[in-house]
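Pulled from Swiss-Prot, these are the features on record:
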BINDING   Asp93, Ser94, Gly95, Gly96, Phe97, Asp166, Gly247  substrate binding site
ACT_SITE  Asp93  active site, proton acceptor
REGION    277-283  region 'RNA binding'
ACT_SITE  Asp296  active site, nucleophile
REGION    301-305  region 'RNA binding'
BINDING   Cys338, Cys340, Cys343, His369  Zn(2+) binding site
Amino acid sequence: MTLAFDIEARDPHSRARAGRITTAHGVIETPVFMPVGTRGSIKSLTPDEVRNHGAQIILGNTYHLYLQPGHELIARMGGLHHFMGWDGPILTDSGGFQVFSLVYGGIADEIKGRRPTQQVQPGMVKVTDDAVIFKSYIDGSMHVFTPERSIEIQKGIGADIILCFDELPPFHAGYDYTARSLERTHAWERRCLMFHRATQEGGLPFVPPNPYQALFGIVHGGVFPDLRRASAEYLRELPFDGLCIGGSLGENKQQMREVVDMTVPHMPDHLPRHLLGIGDVDDLIECVARGIDMFDCVSPTRLGRHGTALVRDAERRWKLNVANAALRDDPTPLDAWCDCYTCRRYSRAYIHHLFRAQELLGIRLVSLHNVAFLLKLMRTIRQSIIEGRFAHLRAEWLGI
């Protein structure tokens, strides 16, 4: 075992639990939300800013870091921790999500019923039982990802937790295609595990040995209960350090939660569980209640760039448009519950002005607020589980 996971408290009314994951770069208290640093940075924010607002772990995207600047360069620079100036734990995805999202769109697209907006050229992605062949979105060059190649790249990046390479079928895929895809993904996960263990003590020319690097498997099966169960039961027999719920999560929030409901009971209790790509306020609370320990999502900074601030207001669906004219003379902070730098120092009126004037500071302040808001939410959830108040928190925030 290359990381330790200890469960400290459980909620008697749900599957919610509070725990601690110990890694080589520090302890992660769960449930936890990790900001996403797609290309080695959390957009518009410094590592110190997110650390000082409570970030414990961040996620890096293997696909993007492989294409630019390249995993071998990152390895020569001492790994992603040293390269980007972040001294806490890092998790990297496998690259599969981004490759398949070029064709099918991402998790957020599925749940909101959107089709991919990026124009995909013919031949941009080809899938075989052995590998995925794709064109770089940067220069059109051709690249091949095998399970082994994905693990090699992630080892070069040097994350504390790495993920298996997997196929991402779309939510509209039928049962037969999803079942075939699941077989392929399970074969790829076995290959990832074998290569990871064979190279953990060394053997890659540009990567120092890292016996503390953990590998998570990914449960697939689309929206089909028997496939989700089969995947979870298959993976729990393999020596992974944790498991993710990935693949298609359905076409709306309710279906996503049903996928979590049908999957978690078949996952090992002693391993951390990560729900990939989910970060809305209500989803975080509801999926903690369903037994999820770890979350990641690009939404806090993406919303920030587009002038949307997270607020504690279910009637607004947790979102406030800072460019709204009603905020022009509003002296209050973005959110009275939040204690981030933005909310301590600036008014809604000032942030409204920044966005209307197209000042970059506006993007930074709202992005920082959004990240800090979710990080505080997760700390509050964790404390409520430890103190036996999670059911009250759930009712208070969601009105249920």
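Each residue's number is its place along the chain shown, starting with 1.
Using the three backbone atoms N, Cα and C, a Cβ is placed for every residue, glycine included.
Recorded features from Swiss-Prot, shown on the structure.
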{"residue": "Ser94", "record": "substrate binding site", "CB count, 10 Å": "28"}
{"residue": "Gly95", "record": "substrate binding site", "CB count, 10 Å": "26"}
{"residue": "Gly96", "record": "substrate binding site", "CB count, 10 Å": "25"}
{"residue": "Phe97", "record": "substrate binding site", "CB count, 10 Å": "23"}
{"residue": "Asp166", "record": "substrate binding site", "CB count, 10 Å": "30"}
{"residue": "Gly247", "record": "substrate binding site", "CB count, 10 Å": "31"}
{"residue": "Asp296", "record": "active site, nucleophile", "CB count, 10 Å": "22"}
{"residue": "Cys338", "record": "Zn(2+) binding site", "CB count, 10 Å": "22"}
{"residue": "Cys343", "record": "Zn(2+) binding site", "CB count, 10 Å": "23"}
{"residue": "His369", "record": "Zn(2+) binding site", "CB count, 10 Å": "28"}
Reported as an integer number of Å, what is the Cα distance between Phe97 (substrate binding site) and the residue listed as 'active site, nucleophile'?
13
Length of the line joining the Cα atoms of Cys343 (Zn(2+) binding site) and the residue listed as 'active site, nucleophile', in Å:
23
Summarise the region 'RNA binding' (301-305) as counts of helix, strand and coil residues per DSSP.
5 helix, 0 strand, 0 coil
Work out, from DSSP, the number of helix, strand and coil residues along the region 'RNA binding' (277-283).
3 helix, 0 strand, 4 coil
Name, in the order they occur in the sequence, the residues of the same chain whose CB lies under 8 A from the CB of Cys340 (Zn(2+) binding site) and which sit 6 or more residues away.
His53, Leu368, His369, Ala372, Phe373, Lys376
Between Gly247 (substrate binding site) and Cys338 (Zn(2+) binding site), the C-alpha gap once rounded to whole angstrom:
33
Taking the recorded substrate site as Asp93, Ser94, Gly95, Gly96, Phe97, Asp166, Gly247, identify the other residues of that chain whose CB atom sits within 8 Å of the mean position of the site's CB atoms, giving them in sequence order.
Gln98, Val99, Phe100, Ser150, Leu163, Cys164, Phe165, Leu168, Ile218, Gly246
Could you give the maximum C-alpha to C-alpha distance in Å for the residues Asp93, Ser94, Gly95, Gly96, Phe97, Asp166, Gly247 that bind substrate per the record?
13
Segment confidence, the region 'RNA binding' (277-283), expressed as mean pLDDT:
98
Once the DSSP letters are reduced so that anything not helix or strand counts as coil, what is Asp93 (substrate binding site)?
coil
At the level of the C-alpha atoms, what whole-angstrom distance separates Asp166 (substrate binding site) and Cys338 (Zn(2+) binding site)?
37
Return the residues near Asp93 (substrate binding site) by Cβ distance under 8 Å, restricted to its own chain and a separation of at least 6 in sequence.
Leu59, Gly60, Asn61, Thr62, Tyr63, Leu163, Leu276
